[in-house]
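Reading through the structure tokens given below for one structure.
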Amino acid sequence: MMTDNSKTRVVVGMSGGVDSSVTALLLKEQGYDVIGVFMKNWDDTDEFGVCTATEDYKDVAAVADQIGIPYYSVNFEKEYWDRVFEYFLAEYRSGRTPNPDVMCNKEIKFKAFLDYAMTLGADYVATGHYAQIKRDENGVVHMLRGLDKGKDQTYFLSQLSQEQLQKTMFPLGHLQKSEVRAIAEQAGLATAKKKDSTGICFISEKNFKTFLSHYLPAQKGRMMTVDGRDMGEHAGLMYYTIGQRGGLGIGGQQGGDNKPWFVVGKDLSQNILYVGQGFYHESLMSTSLDASVIQFTREVPEEFTLECTAKFRYRQPDSKVTVHVKKDKAKVVFAEPQRAITPGQAVVFYDGHECLGGGIIDMAYKDGEPCQYI
């Protein structure tokens, strides 16, 4: 017997892209009562005075009309500024490299938007993220990696709570990106051939360095090797991240070998950028980290130890770790030394296909000694 979904209202976060368009289409085809909502999170008028959000909203309207669903626009610019952008700036100010997408999902898409959807009578919200939701026999929701390994977005969803996941659907989780495009083209959706957006949501195609300098004045300083050799001037610590290769302007200067130069450390108090040669420079390697803002996707004890795998950046294979959790903090010990563990980035825990949750990296250690990364 077919399930009658018509009494279940799903509010879809629609960005004007192909993924969220197909999300709305699939739910409509499955018989749900679907409403589309466009979130305006940033005043993003480009240098020609064209507001790109207006163009995206037109695409949302076109797709919603095509599939026959009502649609609305909601303005979250204030919430986004207060909860995501201020955090983003504060992290850069403190010498860290934040991941605003993780915070945007936690605070906007699955908090501000979820709350708004409830005022529309939603039973669930849905987005075009590549992740899967599975309910067990006890009604507990588990978040699994998206089937398309190259598109899996659980890393960015790792701060979601059980309460948030209970109200969430990810209709694209079992599909490959190529299948999603094919569905859009077959249905003749207005967004079928639209290219994927890249970069941080509020910077879009803008030059990151220029963008950041509008909000944080850059302080130039010295670029040094770990053993104290002066390598010239850096443009401002906020422009560099641990393990970065390009943009140092010292490619022609050699040490004792011809290996490329990398950012291997920062000293915020002295405004010094440390550089070293070699991808696996010893200063880039660490054996453990401290993390805070620890969030698990289901209820867990206040203190426990967990053996699992982890990712320390988005496109990276899993590594075996032991996690010692105490309330909202954790010490993560690596089975093998790891390269360029970056304060401000997310550490995300996995058990096979399941994403267990994660936290924000505060400090990396090498054999118990803090690494000079901030």
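Backbone N, Cα and C atoms are what each Cβ position is placed from, and that goes for glycine too.
Sequence annotations record features per position, and here Swiss-Prot assigns ATP binding site to Gly13, Met14, Ser15, Gly16, Gly17, Val18, Asp19, Ser20, Met39, Gly128 based on sequence analysis. Taken from Swiss-Prot, the feature active site, nucleophile covers Cys104, and the record attributes it to sequence analysis. According to Swiss-Prot, the feature disulfide bond maps to Cys104-Cys201. Here Swiss-Prot flags His129, Gln345 as site 'Interaction with tRNA'. Annotation source Swiss-Prot lists active site, cysteine persulfide intermediate at Cys201, citing sequence analysis.
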Report summary line: Three-class DSSP assignment, Gly13 (ATP binding site), comes back as strand
**Report entry** Where the residue listed as 'active site, nucleophile' falls in three-state DSSP terms
**Finding:** helix
Query raised in the report: What are the non-local neighbours of Ser15 (ATP binding site), defined as same-chain residues 6+ apart in sequence with CB under 8 A from its CB?
Result: Phe38, Met39, Asp56, Val60, Gly128, Ser197
Query raised in the report: Where the record says Gly13, Met14, Ser15, Gly16, Gly17, Val18, Asp19, Ser20, Met39, Gly128 bind ATP, what is the longest distance in Å from one Cα to another among those residues?
Result: 15
Query raised in the report: Taking each of the binding-site residues Gly13, Gly17 in turn and counting other Cβ atoms within 10 Å of its Cβ, which one has the fewest?
Result: Gly17
Query - Euclidean distance between Cα atoms of Asp19 (ATP binding site) and Gln345 (site 'Interaction with tRNA'), Å - result: 25
Requested in this report: Measuring CA to CA, name the entry from the recorded positions Cys104, His129, Cys201 that ends up nearest Gly13 (ATP binding site).
Outcome: His129
Report summary line: One finds that other Cβ atoms within 10 Å of the Cβ of His129 (site 'Interaction with tRNA') number exactly 27
Query raised in the report: What subset of the recorded positions Asp19, Cys104, Cys201 lies within 10 angstroms of His129 (site 'Interaction with tRNA') at the C-alpha level?
Result: Asp19
Query raised in the report: Is Asp19 (ATP binding site) helix, strand or coil when read with DSSP?
Result: helix
Query - Rounded inter-Cα distance in Å - Asp19 (ATP binding site), Cys201 (disulfide bond) - result: 15
Requested in this report: Name, in the order they occur in the sequence, the residues of the same chain whose CB lies under 8 A from the CB of Cys104 (active site, nucleophile) and which sit 6 or more residues away.
Outcome: Asn41, Tyr80, Val84, Cys201
Query raised in the report: Given the recorded positions Met39, Cys201, which one has the fewest other C-beta atoms within 10 angstroms of its C-beta?
Result: Cys201
Query raised in the report: What count of other C-beta atoms do you get within 10 angstroms of the C-beta of Gln345 (site 'Interaction with tRNA'), across all chains shown?
Result: 25
